[in-house]
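Visitor: My structure is below; once you've seen it, I'll send some questions.
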Amino acid sequence: MSSEQNSTTPNGVQIQPGRRLPDFLQSVNLKYVKLGYHYLVSHLLTLCLVPLMAVIILEASRLDPDDIHQLWLHLQYNLVSVIVFSAFLVFGSTVYIMTRPRSVYLVDYSCYRPPSHLQVKFHRFMEHSRLTGDFDESSLEFQRKILERSGLGEETVVPEAMHSLPPRPSMAAAREEAEQVMFGALDNLFANTNVKPKDIGILVVNCSLFNPTPSLSAIIVNKYKLRGNIRSFNLGGMGCSAGVIAIDLAKDMLQVHRNTYAVVVSTENITQNWYFGNKKSMLIPNCLFRVGGAAVLLSNKSADKRRAKYKIVHVVRTHRGADDKAFKCVYQEQDDAGKTGVSLSKDLMAIAGGALKTNITTLGPLVLPISEQLLFFLTLVAKKLFNAKVKPYIPDFKLAFDHFCIHAGGRAVIDELEKNLQLLPEHVEASRMALHRFGNTSSSSIWYELAYIEAKGRMRKGNRVWQIAFGSGFKCNSAVWQALRNVKPSTNGPWEDCIHRKMKTNAEEEEYGGAR
């Protein structure tokens, strides 16, 4: 018989040999030790200044009237020094106020909500693909598997031209899709903000694959009769991260042009960019990309701070286009049969990971508390100088941000960022839900995610939001926003018709909860 004896808890529950209950007390203590460390390091300067200020106040309280009189006489005899010091102080303050970056506020934004009659169920998608006659059995089976694993739901939308048999991917149909999306988002934005189109001084439009002449920005100028001296820009071919690029461009323009509004319109066009061939790497976009768009109103007017939702804090852009593999990992080309599509490389996730690493290396020092930066630095020193066998320290970005809007490029993208950034399921819930309800809407997906967080009532004053997007080139771009108030969803938001749904059964949870 074994010499090992079963142990018993105070409640009489037997514990098998070799299996012990976890030491919850120790884990709780470690949690509070970590929290205490972060608080101590983050507030180190304050904690040092408080005793100093207390000593100064104590010494000042001991001054009698004679001491105060002597101090006044001293200042009188050094009047020139006081005047010179005051002049330098006033001059320096004036220069600082005149040259400091202007605050840029996000007054409001609007996401296009496509009509329900354009929704495409999985079985209808597959049936339609079969009836076009352009895909062989191997390609059809490949698309079916991609759909099942994509994270998309049954309510995503494709443009009206793709519902026809045969599909009609004409220039006129593509213009119609672009106008429906852009005008739908802009009409709602102007209605919610009461801003007149004539008040817009800057317009930035980004759409990667559809760039007609006149441009999409010119179409908007013509539709809303914007003023003749508007600064308009049209960004093309910049992929799913172009929404952050457009925000960065608008922010820079608002630093130059005083007292004005900027509108950013982010969208993508599917009608003329559906792939009708059998190359596997070019079929994936058919299964993931769906109709969507967003319009964002930015302002540099100090008066708009009271009604604005957010203030922009940082924009960090990373471009890996100098590397050939990164440059070609998302590439528009023709297949052997001469059919045009966008090819996705097998190295896409690895390249995206490298771009993300570069991006957060720049972003980290701007947003992370000093405690996290110190831990990262000490780990790096130990590894480089002392050849210590320690794992690279992954900073805890949950200490810097309250909400995360990860580009809904696909389930794999969200899974990888959740794992690598050590996020919790609630941090990627908005991304999964946006992918499930609207699909990959390219550069506008981060706005559908932000709208989801607002619709859930989770955005509180002072909260920080990290929008992160990946795009062709290859690029990884980040935008950081800070909530100026407890943000409520705007009227006619994209989630207005579905946020109230309850998840009562496992089937419903899978359908509406974006279950993994």
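In case you wondered, yes, glycine gets a Cβ from its N, Cα and C as well.
What TrEMBL says about a protein is an automatic prediction, not a curated fact.
Below are the features listed in TrEMBL for this protein:
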{"type": "TRANSMEM", "residues": "37-58", "note": "transmembrane segment"}
{"type": "TRANSMEM", "residues": "79-98", "note": "transmembrane segment"}
{"type": "DOMAIN", "residues": "96-385", "note": "domain 'FAE'"}
{"type": "ACT_SITE", "residues": "Cys240", "note": "active site"}
{"type": "ACT_SITE", "residues": "His319", "note": "active site"}
{"type": "DOMAIN", "residues": "402-482", "note": "domain 'Beta-ketoacyl-[acyl-carrier-protein] synthase III C-terminal'"}
{"type": "ACT_SITE", "residues": "His403", "note": "active site"}
{"type": "ACT_SITE", "residues": "His407", "note": "active site"}
{"type": "ACT_SITE", "residues": "His436", "note": "active site"}
{"type": "ACT_SITE", "residues": "Asn440", "note": "active site"}
Visitor: Ranking the active-site residues His319, His403, His407, His436 by other Cβ atoms within 10 Å, which is at the bottom?
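Guide: Output over active-site residues His319, His403, His407, His436: least Cβ neighbours within 10 Å is His319.
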Visitor: Please compare the active-site residues Cys240, Asn440 by how many other CB atoms fall within 10 Å of each one's CB, and tell me which has the fewest.
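Guide: Result for the active-site residues Cys240, Asn440: minimum number of other Cβ atoms within 10 Å at Asn440.
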Visitor: Can you tell me the CA-to-CA distance separating His403 (active site) and His319 (active site), as a whole number of Å?
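Guide: Cα-Cα distance, His403 (active site) to His319 (active site): 24 Å.
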Visitor: Could you tell me the C-alpha distance between Cys240 (active site) and His407 (active site) in angstrom, no decimals?
Guide: 8
Visitor: If I take the alpha carbons of Asn440 (active site) and His407 (active site), what is the distance between them in whole Å?
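Guide: That separation, Cα to Cα, works out to 8 Å.
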Visitor: Between His319 (active site) and His436 (active site), what C-alpha distance do you get in Å?
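Guide: Distance between the two Cα atoms comes out at 29 Å.
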Visitor: Give me the CA-CA distance between His436 (active site) and His407 (active site), in Å, as a whole number.
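Guide: With distance taken Cα to Cα, His407 (active site) is 13 Å from His436 (active site).
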Visitor: What is the three-state DSSP composition of the domain 'Beta-ketoacyl-[acyl-carrier-protein] synthase III C-terminal' (402-482), stated as helix, strand and coil residue counts?
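Guide: DSSP composition of the domain 'Beta-ketoacyl-[acyl-carrier-protein] synthase III C-terminal' (402-482): 37 helix, 21 strand, 23 coil.
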